[in-house]
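A.B. asks: Before we start, here is the structure in question, set down as structure tokens.
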Amino acid sequence: MEERLVSGEVLGEETALEPSLRPQYLHEYIGQDKIKENLKVFIEAAKLREETLDHVLLYGPPGLGKTTLAVIIANEMGVKLRATSGPALERPGDLAALLTSLEPGDVLFIDEIHRLPRAVEEVLYPAMEDYCLDITIGKGPDARTLRLDLPPFTLVGATTRAGALSAPLRDRFGVISRLEYYHVDQLAQIIERAAAILQIGIEREAALELARRARGTPRIANRLLRRVRDFAQVRGEGGITLPLAVEALERLQVDRLGLDQIDHKLLSAMIEKFAGGPVGLETLAAVIGEEAQTIEEVYEPYLMQIGLLQRTPRGRVVTPAAYTHLGMEVPKR
């Protein structure tokens, strides 16, 4: 799958750049107001009691700020953050080494926690519940279990697929929060903040235009800002104006709803080859040359969210709004 400008996932170039745009404390964090207010209370209460914060599970679509909140939690608690990911912890020993290196109060952040192997996940249970680590020494009838005490710590888990978490793991989190897509005005504020950090001027209307095409996702908003900044700087203009933003986004092939070429290809194929549907997932995948899982997990969610596509028992169906958006006549059914 090619890298998409409107993908919520981290693209290669962004690994080093994202931290520079990331807010460090709750008062700098824009959006997710309910989560933010609750975390403020939980953090203040933990500090008053001189205890570690309860384990936190953050879930929601990619690019909404789960990693940023983990950084903020550590900063607000005044402790170190140790970050890893589910796929990186292949064996129980990998997690054991990480847990035994923690200092009291540390925040351990595990991204994509739903991808932890079951054997590794089981090591987490006593670590989360009793701050201890059970190590098996030897094999067979002579095997014995050695229990090691761990310093108190806070686990922050992040996932895009909360339903894929096992019940025993999910139940051990004291704080569970779902991150929602952002409103346009919130994204515009995020864009203006990032523009100030990147030292590029941007008109309010231009920030709003970028926000409208960012699919409710801060990561996409910041990515669009950086690409439009390229156009502004190459042209020698002092900042990003609305006309420049619109022209740049059109050249980047991101339309006014945030759809790109692949979205248009999917919708057009359904309309032109299947009269708008219903069409089966496997058939659609074969026609547009993409894997069925990629269509279901990457492309469809946003199209359904904005009302251009529906899943029905008989298959996928394009809505009248999709015809209108693509400039096609809505068929009479």
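Heads up, the Cβ atoms here are built off N, Cα and C, so glycines get one too.
As the structure is a computational prediction, the values presented were derived from the model and not from experiment.
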A.B. asks: Please pick, from Tyr182, Tyr299, the residue that Swiss-Prot records in the ATP site together with Leu21, Arg22, Gly63, Lys66, Thr67, Thr68, Glu129, Asp130, Tyr131, Arg172, Arg219.
C.D. replies: Tyr182
A.B. asks: Among the binding-site residues Leu21, Gly63, Tyr182, whose Cα is within 10 A of the Cα of Arg316 (DNA binding site)?
C.D. replies: none
A.B. asks: I'm checking region-level scores; what's the whole-number mean pLDDT for the region 'Small ATPAse domain (RuvB-S)' (183-253)?
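C.D. replies: Here the mean pLDDT over the region 'Small ATPAse domain (RuvB-S)' (183-253) amounts to 91.
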A.B. asks: Among the binding-site residues Arg311, Arg316, point out the residue whose Cβ has the most other Cβ atoms within 10 Å, with all shown protein chains included in the count.
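C.D. replies: The residue with the most neighbouring Cβ atoms within 10 Å is Arg316.
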A.B. asks: Do you know offhand how many angstrom separate Glu129 (ATP binding site) and Arg311 (DNA binding site) by C-alpha?
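C.D. replies: Cα-Cα, rounded: 40 Å.
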